[in-house]
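For reference, the structure is listed below as C-alpha cells.
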Amino acid sequence: MARSTPIERYRNFGIMAHIDAGKTTTSERILFYTGKSHKIGEVHDGAATMDWMEQEQERGITIQSAATTAFWKGMDKSLPEHRFNIIDTPGHVDFTIEVERSLRVLDGAVFVLCAVGGVQPQSETVWRQANRYKVPRIAFVNKMDRTGANFYKVRDQLKAKLGAVAVPMQLPIGAEEGFKGVVDLLKMKAIHWDEASQGMKFEYGDIPADLQEKAEEARTFMIEAAAEANEELMEKYLGGEELAEAEIINALRTRTLATEIVPMYCGSAFKNKGVQAMLDGVIQLLPSPVDVPDVTGTDVDDENLAMSRKSDDKAPFSSLAFKIITDPFVGALTFFRVYSGTLNGGDTVLNSVKGKKERIGRILQMHSNNREEIKEVLAGDIAAAVGLKDTTTGDTLCSIDQPIILERMTFPEPVISMAVEPKTKSDQEKMGLALGRLAQEDPSFRVKTDEESGQTIISGMGELHLDIIVDRLKREFNVEANVGAPQVAYRETITLADVKSDYKHAKQSGGKGQYGHVVIELSPLTAADRADAKLAPAIKDDFLFVNDITGGVIPKEFIPSIEKGLRETITSGPLAGFPVVDVKVKLVFGSYHDVDSSEMAFKLASSMAFKQGFAKAKPVLLEPIMKVEIVTPEDYQGDVMGDVSRRRGVLQGSDTTGDGSASIINAMIPLGEMFGYATALRSQTQGRATFTMEFDHYEPAPNNIAEAVMKKG
C-alpha cells in the first residue's frame, strides 16, 4: 500500500519534563490542536476506524497509550502535512527506566521547562539521559502566565546548569498576568492567539516598540547561530548579505540535529498560547527517521558482528518492542517502533532475542481519543500489536529470513525485595498471574518464589516502585495483598587474589564409586578482566570461569559440569546466602578416574572447592549504595543533613534551586538506611521536601552491619 505520508515528514518525538513543568497540559494541547486539523480515518486508505472510547467508558478503564499518532500542517496551514508519533515519557525520576525506554525509540524531544522554577534537579537528570542517547531537542518554556515567570532566567540556566547553547526562536510579549503572546524572530512579527477559539486562531502584528531592540539583538544571535552551520553561510553573513528564512531554518536544523544548539520557544499551555508555534518548530527543527543514524544491532549467531538497518520500507523488517501494557480486556498491548521494512497484520515475525516466532494478530494505531485497527505499518511507524505471547520490553521483532538483534536496552538489577502474599488463599493463583503480567510490562521488576520458605518475593528499584506494584495489584487485578518488611539485595565477594583451593570428591567403597578432583584459583574480577576482549564475552552474572587445564588431566567432557557446579554455588553465597559477584575462578589442575569419574562427581567437587576457597579469600558482604537527591526549604537544611549523616550517608555537595527558594542536597546513602525515609523526611520538613533516589553502586558493608545480616541469614 502506498504511503500516505513520506517518511521525511514523520516526527517521532517525546515530551520531556520534570514533574511540575506542565507536561500533561502541554501534551493535551498538542493533541487538541493536532486532532482538530485532521479527520481521523483517512490515515490508511480504507482502514476501519474503531472508536473504543464508549467501551472504555462503560468499563471504567482507560487503555493508557505509550505513543499517540497525530497530524500537523503548521499553525497557518502552510506546511505539508506531517505525521507526529508522540512518545509518552514519565516525569518522575523514580521511573528512570521509563524515560530510558522512551528515549531509546524517539528521534527528537521537546523539553518542557517551567518559566518560574526553571532548570530543576529532575530536569538535569532527564537532560543527562537525553545527552547519553544524543537526542536532538527544542525547549518550550511553559507557564509564562504564572507569577515569577522569567524567560531570560531560564535561557541563562540552560547554559549555566545544563551546558546548552540555547537559541531563542521567540521572545515573550509580557510575562505573568501580562503575558500576551510572542515575537517570532524568524518573521520579526508579533503573534497573538485568539482566546475565544482556545488558540485555534491567531494573528500576526507589529512588535511592541519596547521590545524592538531586544528582538533585534535576539534575531542577530539566532542568525549568528545559524551561520555557524557551515562556512558558506558564515561568509555570506559576514559579507553583510541577508540570509533567507529557509536558509536560517535549514542551518538551525543542521545544528539542532547535531545537538550543538537547543532552539527555545515559550508560551502558556494552560492559556492556549505558544504550543502551536512550538509544533511548527517540531516540523522545522526536529529530525525525521531518515535524519538520524541508521539503527544498529548484531548478528543473531555472532554478537560481535555489527549490523545496521536503514529507515526504508524496502529494507528487511526490524522493530523494537519498547513497552508492554496489560489491559484486562484486550490482553497484552505490545508497543513497537518500526525501524525498517513493512509489516502486515497476520504476518509471522521472529523475536530474535528469544529465538521464537510470533504471529502478529491485530495492529492498532493510537490517536488522541480513539484507537484504529490498521492493516500494515511502515518504516518509522509506531504502533501496538495485540496478543504477542513471548515478547518482553527491549526485544527485537524482525523478518525471519534476515534476522537482526537491535541494540538492547539496559535494565538495572533490582535492589530491594519484599515478600508478598494474598490476603485470601483463593487469590494465590490470581496474584501469580497478575505479578507475571506486571513483570512482563516492567523489566526492572522481578518475581520469584523463595525455595526454602515458599514465599513469593517481589523485587524492584525502590520502596516507591514496589508500593506502586502492590497498589496496581489491588486496582487493576482486584488482589488484596499483605507485604513483608523490605529486604536489601546484598551481594558477596572476595578481596584476596590467587587463592588456591584443592578438593577431591571420592567415594569408592564397593561397586561403582564416585571420583572428581579439582584445583581452582579464586581472584576478584578486575576492570582489566572486563576490558579484555578474550575474557569479557565469558563474563556472565559478574562471574568469570577460566579453564586452564592442560595435558588432559581432566577430560574435556567434565569441564562444563565443573563450571555448572561453580555457577550453581554462586547463586547463594557461603556468607549469608546472597549471590556472589565479581569473582574469577581459574581451573588449574585436577585428576580423574577411568571408571568412577562422572559429571555429578566433578560438579560436587567444584562446588566444595569454591566454598572452601571463598572462605580463605577474605570474603566481604556488599551493600547497595543509593544516589539520593533531596530538595528542601533552606530552613530545614541542617536537620536534613544531620539525618543523612545518621543514615551513614556521605554528602556529595549542595546547591540551590533555580529560583533560590530551596536547597538541593546530594548524598550517597546505603539502601538499608533508606527504609521509611519518605515518612521521616515529610515529618522533618512539614511535608515541604522531596527526594529522589536511584541505585549507584555496591560497596563493602561495615563489620557491624555485615555481622547483623549474617546472623539473620
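Using N, Cα and C of the backbone, Cβ positions are placed for all residues, glycine too.
Database features (Swiss-Prot):
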DOMAIN    8-290  domain 'tr-type G'
BINDING   17-24, 88-92, 142-145  GTP binding site
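This view paints the features noted in Swiss-Prot onto the structure.
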residue : record           : Cβ neighbours (10 Å)
Ala17   : GTP binding site : 27
Lys23   : GTP binding site : 23
Thr89   : GTP binding site : 25
Met144  : GTP binding site : 30
